[in-house]
Amino acid sequence: MKTSIATVSISGTLEEKIEAIAAAGFSGIEIFEQDFIADARSPREVGARIRDAGLELMLFQPFRDFEGLPGPLRARAFGRAERKFDLMQELGCDLVLVCSSVHPEALGGIDRAAQDFAELGERAAKRGLRVGYEALAWGRHVNDHRDAWEVVRRADHPSVGLILDSFHTLARRIDPDTIRRIPGDRIFFVQLADAPAIEMDLLYWSRHFRNMPGEGDLDVTGFMRAVMATGYAGPISLEIFNDQFRGGPSRTIARDGYRSLVALMDDVLRAEPEARVDLPAFPARTEVQGTAFLEFAAQGEDKTALEGLLATLGFRRTASHVSKSLALWTQGEIRIVVNAETTGHAHSAWVARGTTVCDLGLDVSSAAGTLARAQALGAESFRQPLGPGQLDIPAIRGLGGSVLHFLDRASGLADVWSVEFEAMPDGAPGDVGLLRVDHVAQTMGYDEMLSWSLFYTTLFEMRKTPMVDVIDPDGLVRSQALSTPDGRFRITLNGAETHRTLAGGFLAESFGASVQHIALATDDIFATAGALSARGFEALPIPSNYYADLAARFDLDAGLLDRMRAANILYDRDERGAFFQLYSRPFAGGMFFEILEREGAYGGYGAPNAPFRIAAQKRLMRPKGMPRG
Ligand SMILES: O=C(O)c1ccc(O)c(O)c1
Ligand SMILES: [Mg+2]
């Protein structure tokens, strides 16, 4: 499979783009004319540089406002085309993208355009070049791939073909299955982009809001299934105009692109087994069965404070690692590892961020299969030297330096707790009824959210919920939840735009994206709250204004309301059930625990309560009488 990406899709100079694209694993590149013009090197040098980087220069674009012009304007358009053909020959690129005209004097007429393309094809063929025609969604006369195809069909020249772009087809809600009737060998190139479903002007939407397949709401898979059904065997390229990506880290964005393209083509192949996609086989998305463990890196006073908090939360230190400074704390199905090693990944994480969640372990059906998929999608595997008798548990680097381990029963990895740990019960009193990890909440910059959601949704079988806005007294935080279909593994992504929000302050303190809170589930929040307070746990205080509003919003039994108020429990409800939650006070630079109960099949995360929770946390964290800012 030939993969490619347009230089417009990422940030930097042309040289930085070339390096990032090559490093991400693409086979080729679409060069956007502006990127070339801004470069100081000659066309020959640029072409040679691209090939030296191991990339094929697959497309030169765009050539605008060509077809359907009258008299002298037409002659001038051909003159311009000849100049660009000269340039392409120097660059060493044989295909140009001509996008449908928006010229105010373009006349329209399928046959007129076809004649123009027949002549252009003849001129291109003399130089061994080819011409591809793409319908822009806002083209003056041609704005639908079906019309562009009719122009190409009537031009009837072997050097003239069609270029398809998923954005232009899907943005206009044109049925992608209409592509199935186009002969695959007449399609010269395919560009892919997704986009979020927002109502706006097509041109503005296209130039600013495109994103990687899988990051938006368009049916790019359906589009690509139709393309592959035609027998198309050419390059599959990303063309993503996005303001955030233009300013983002080029290597990360290029890697996201590669991940999105490989995941998409894998989906296409699974849905359309007849399609000829020469993609090496790798396992389907992993179905995560649950959280096997959460590992904190902690040292010194922070470690003592964390252990104290774990004890008041009803955890018991049940085992220690045979050779490392790792303690295992358990309750219900929950395992928390406290890592106080002075070398290795946990130690580096602690040095960089202070007390932090440095590792997430997931229960999967095949750990090796999950690793294989992650690597096929471009993830790096993660390894540390193994001590005697230690299990080689497959792991990868997530984003932002995070690490994920995969445990399964089939290969005995789930036995790590008895193999590598020695039981060492601390004799603490019984638990408080916490049963399992409900979700892990990660905080990141707003502009990193797409990378993280793409990472999880391409590797694991997870659904995204729509993004919600959370109002912090000092700014906005966007929040999006990802969940396995059965809800056994859930992650919430919180994107901060300013350091003044609670999430933004945590992000600044922890030097990058990381877990800010861990939500643990009980089946009886009132019993749990009672047991917690008996152990000296102090819940985050919630003001009585909140309970007065609850009484107004929901038809709640007065006794229930009183019990919630007494225990600082927040409440929410949806069509499927009710939700109760309480919070710990912040620890170690702004992390916290949440304790929750889902009643019925409540599917949310208590988002309506977030502004009140944040304000309550800020009251505790902000020294009294200090002006903010
Ligand atoms: O926005 C544009 O002008 C533009 C140019 C070239 C393309 O391939 C495209 O899809 C859009
Ligand atoms: Mg395009």
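Glycine too: its Cβ is placed from the backbone N, Cα and C atoms.
Quick look at what TrEMBL lists:
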BINDING   Glu134, Asp165, Gln191, Glu239  divalent metal cation binding site
BINDING   His439, His517, Glu594  Mg(2+) binding site
DOMAIN    436-585  domain 'VOC'
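Counting only same-chain residues six or more apart in sequence, the Cβ atoms lying under 8 angstroms from the Cβ of His517 (Mg(2+) binding site) belong to Val440, Ala441, Met591, Phe592, Phe593, Glu594. His439 (Mg(2+) binding site) counts 22 other C-beta atoms within 10 Å of its own C-beta, drawing on all protein chains shown. Note on the binding-site residues Glu239, Glu594: the fewest other CB atoms within 10 A surround the CB of Glu594. Under 8 Å, Cβ to Cβ, and six or more positions away along its own chain, Gln191 (divalent metal cation binding site) finds Ala6, Glu30, Glu134, Ile163, Leu164, Asp165, Ser166, Phe167, Ser237, Leu238, Glu239. Among the binding-site residues Glu239, His439, His517, Glu594, the residues whose Cβ lies under 6 Å from any atom of ligand 2 are, in sequence order, Glu239. By neighbour count, meaning other C-beta atoms within 10 Å, the densest spot among the binding-site residues Glu134, Asp165 is Asp165.
In this structure, Asp165 are the binding-site residues from Asp165, His439, His517, Glu594 whose C-beta falls under 6 Å of some atom of ligand 1. Classification of His517 (Mg(2+) binding site) by DSSP places it within a strand.
Taken residue by residue with DSSP, Glu239 (divalent metal cation binding site) is part of neither helix nor strand, so it is coil. The record gives His439, His517, Glu594 for Mg(2+). Within 8 Å of the mean position of their Cβ atoms, the other Cβ atoms in that chain belong to Asp438, Val440, Ala441, Thr492, Ile518, Ala519, Leu520, Phe592, Phe593, Leu596, Tyr605.
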